[in-house]
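Over in Swiss-Prot, the protein carries these features:
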SIGNAL    1-21  signal peptide
DISULFID  23-35  disulfide bond
DISULFID  29-44  disulfide bond
DISULFID  34-67  disulfide bond
DISULFID  54-75  disulfide bond
DISULFID  69-81  disulfide bond
């Protein structure tokens with residue numbers, strides 16, 4: 001019984017962590033993160049570092065595959081962050 005209780009507790013903690021990362025817009029994410037994903041499942045993700053996948057910044061702040069790059073980096077034509 002204790003094992004079942006422990007498993008349930010761990011599962012609930014994991015679900016709370018997943019839910020806390022969901023977002024509806026950029027305003028839901030902390031600094032250094034953007035709201036990215038499909039229409040049904042968006043999560044706060046970190047801005048892209050050097051060589052990581054990215055999407056160019058846009059005025060609507062809507063991203064599906066990944067976030068824009070960190071400051072001082074730019075998103076190349078092959079959607080990878082590189083030095084500006």
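Backbone N, Cα and C define each Cβ position, glycine as well.
Swiss-Prot feature annotations superimposed on the structure.
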residue	record	CB count, 10 Å
23	disulfide bond	18
29	disulfide bond	21
34	disulfide bond	22
35	disulfide bond	20
44	disulfide bond	19
54	disulfide bond	25
67	disulfide bond	26
69	disulfide bond	25
75	disulfide bond	21
81	disulfide bond	23
10 Å Cα neighbourhood of residue 34 (disulfide bond): matching disulfide-bonded residues from 23, 44, 81: 23, 44
Cα-nearest neighbour of residue 81 (disulfide bond) within the listed disulfide-bonded residues, 23, 35, 44, 54, 67: 54
Alpha-carbon distance [residue 67 (disulfide bond); residue 35 (disulfide bond)] in Å: 8
Minimum Cα separation from residue 67 (disulfide bond), reported as the residue among disulfide-bonded residues 23, 29, 44, 54 that achieves it: 54
Spatial neighbour of residue 44 (disulfide bond) that is closest, considering only the disulfide-bonded residues 23, 54, 69, 75 and their CA atoms: 23
Neighbours of residue 29 (disulfide bond) among the disulfide-bonded residues 23, 54, 69, 75 (Cα to Cα, within 10 Å): 23
